[in-house]
Structure formats: structure tokens, C-alpha cells
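What follows is one structure encoded as C-alpha cells, with my remarks underneath.
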Amino acid sequence: MQNKLASGARLGRQALLFPLCLVLYEFSTYIGADMIQPGMLAVVEQYQAGIDWVPTSMTAYLAGGMFLQWLLGPLSDRIGRRPVMLAGVVWFIITCLAILLAQNIEQFTLLRFLQGISLCFIGAVGYAAIQESFEEAVCIKITALMANVALIAPLLGPLVGAAWIHVLPWEGMFVLFAALAAISFFGLQRAMPETATRIGEKLSLKELGRDYKLVLKNGRFVAGALALGFVSLPLLAWIAQSPIIIITGEQLSSYEYGLLQVPIFGALIAGNLLLARLTSRRTVRSLIIMGGWPIMIGLLVAAAATVISSHAYLWMTAGLSIYAFGIGLANAGLVRLTLFASDMSKGTVSAAMGMLQMLIFTVGIEISKHAWLNGGNGQFNLFNLVNGILWLSLMVIFLKDKQMGNSHEG
């Protein structure tokens, strides 16, 4: 590709500054979802709203993450990745500060939706630029290592959020998110390369519809994108629902709630670290299959334990930790293969992939909320297991071609 930035041998400080600044922005948007969740109990109390608004905050945030993906990817193909990405960072800073003016839970939730739009820029623009900037082996390593930094958000978020809410108002969290994003803005402005290949082409809705139609007619791409959504949903549902499950349902403290996040997200990081070590020695296909075993075993353990005893939250945590390790091992390779399953420009493909995933997350978190409200931990984890089974079925379709991901070139 003519816009390749560097090979592994040429990866210098300037080249690395771009992914580091991108992951700082990603971190600020992710911690915007995770750190506020333990604080949501204080938010709903302040606005005199019911606890069912707690997971709805994340639902609104993820719905925002789906809202403009269809436009931003193709737009960045034509006017450039840099200006679109930088505009997204500025939008996040503004909406984080605007939430300080919210007067009720409805306004708060609307602003969470507007903040969530910032997620669109990561997948549709930022990660497309990463994929276009580095060769495959280097790219997968960077993606995995970037994921480790980004995953500190759900690891630290609940711990810091639970502690923060005891000493500082929840509004201060959003000032922190805006400050982190501001730092990433200056770094991206300095280091982000321009990798778009269709700059100057006219953007027409007719052509845009045609492009998406071609992408969505690709059965292998759709299977991969849906699989990524279903396999990640149990983790997102846990982040959204765990304050209610642990603090309200199990009557544990916010400190204990924070500690229960550590094994799950620690396992996720461990899976990513193992992936980074194995990438140059194993095929992408074998890494996905390897990760599939802990994914299914972990979800099965969590479901079986909580169906037998609804309050077996330690077994649930253990099962979700095993599952998270598998996610860390399998997902980066699956993202790569899915993105390149279509020959369409990567901005459009990445946007389509992100929209399908966000649709699954938005609907799925609401379903998981009602599953827990109606059937407790057992139904919540059975729902997670169903998502694992859907992922497994889609993987059979996606990897049906024995050559798919069966070389170190993907």
C-alpha cells in the first residue's frame, strides 16, 4: 500500500507517537464509560431517578458510538483521516464539559449519547489509519499492545470511580476525561499521518449506499463483524450491569465491587500480552481457535454456577475471567481478518464493522439489563452464554475457508 508508514525496522519515535496519542484518546473515551459506572449510583440519587438508569447510561453512550460511523469512515476516506480524527477529539472535550450543565437524568443521558459519538472516530478513522500505516505483523502487535493500554480503563475505571465518588463529586470525572482528550489532541495534531487514498473524491449518498451494500453483501465480512459484537457483548454487559449486580444485588461495598473487576480485566490484558508474544510464531487462524476454548469454557462456568446458585458471584467472576483471557487472545486477529475480508476502502469497512458491533452492544446491554432484573445472575449469564454460542457458530462460517488466516500474512 502506497501509504505504508513504516516496517518494524523503521518504527521510530515519530511513528510510535501516533498510536500512543490515539490510545490516549481511546483511553479517555473508554474510561468515560467505565469510571462513571460506579458513580452512576450517585448520579441517579442526585437526579432522583431509578437504578434502571444505571446501565442505560452506557446504552446511550454506545448508541452514540453507532450514530455517525456510517458517515465518518467514508468521509475520512475523501477529506482525510487527520481532520476528521482531530474534530472528533474536540467534540469529546466539548461534550464532556457540557454534561456539567445537565439538570435532570434525561439531559444527562442525552449528553452521554452525544459523548458516545466520539467512539465513532476511533474505529472508523483512527484504527483504519493504524491498519493502513503498518505492515501486518507490526500492526497486530501494535493493536494488541494498544488494547492493553486501553484496557486499563475498565480495570482502573471501576476502582478509581468507586474511590473518587467517596471524596469528590462525579462531575469532576468529566473534567478529567476532557483533560486527557486535550493532551491526545496535541499529540495527534503533531504525529498523525494522512493515510486516506481517496482524498478529493466527491462524497455522494448514492455512492455511499452502493459502497455499504457491497460491504454488507460480503458474507465473510458480516460473519466476522457480527462475531466480534457477540463475543464482546458479555464483557460490555458486565461493565454496564456490575454496579447493580455487585453493590445492589450482592450488597457488597463499592471497594469490593472494584476489586472484582481486577481478575476479569487482568485476564483480558494477559490474553493480549500472550497474543503479542505469539503473533510472529502462530497464524492468525490458530490464535483465534486457541482463544475460542477459554471463551466458551468461561461463559459456561459462569452460567452453570449462577443457575445452580444465583449468588455464586465468585464463580461468575472466575468464569468471566477465563472468558476475558480468550477475548484478549482472539479478538485482535479477528479484527484484522474481518477488516481485510472486503476489498472496499478501509474507512468504509471499518465503519460498517463498528456499526454492526455497536448495534449489538446497544440492544444487547438493554436485554442483559432486563435478563438480570427478571431472573438475576442466572439469566444474565445464560444470556452471555447464548452470545458465546452465536460467536462460535459465526466462527465456523468465517473460518470455513481453510486458507483464511492460515498464514502469517493473514
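Using the three backbone atoms N, Cα and C, a Cβ is placed for every residue, glycine included.
Keep in mind that what you see is a predicted model, and the values were worked out from it rather than measured.
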Membrane-side pairing of Ile105 with Leu373, Swiss-Prot annotation: yes
Whole-number mean of pLDDT values that fall within the topological domain 'Periplasmic' (309-314): 95
For the topological domain 'Cytoplasmic' (336-346), residues assigned helix / strand / coil by DSSP: 5 helix, 0 strand, 6 coil
Result, the transmembrane segment (379-399) in contact with the transmembrane segment (167-187) (3+ CB pairs under 8 Å): no
The transmembrane segment (16-36) in contact with the transmembrane segment (288-308), cutoff 8 A, at least 3 CB pairs, sep 6+: no
Secondary structure composition of the topological domain 'Periplasmic' (368-378) [DSSP: H/G/I, E/B, coil]: 11 helix, 0 strand, 0 coil
Seg_contact(the transmembrane segment (379-399), the transmembrane segment (315-335)) with at least 3 CB pairs under 8 angstroms, min sep 6: yes
Cβ-based contact of the transmembrane segment (256-276) with the transmembrane segment (315-335), 3 or more pairs under 8 Å: yes
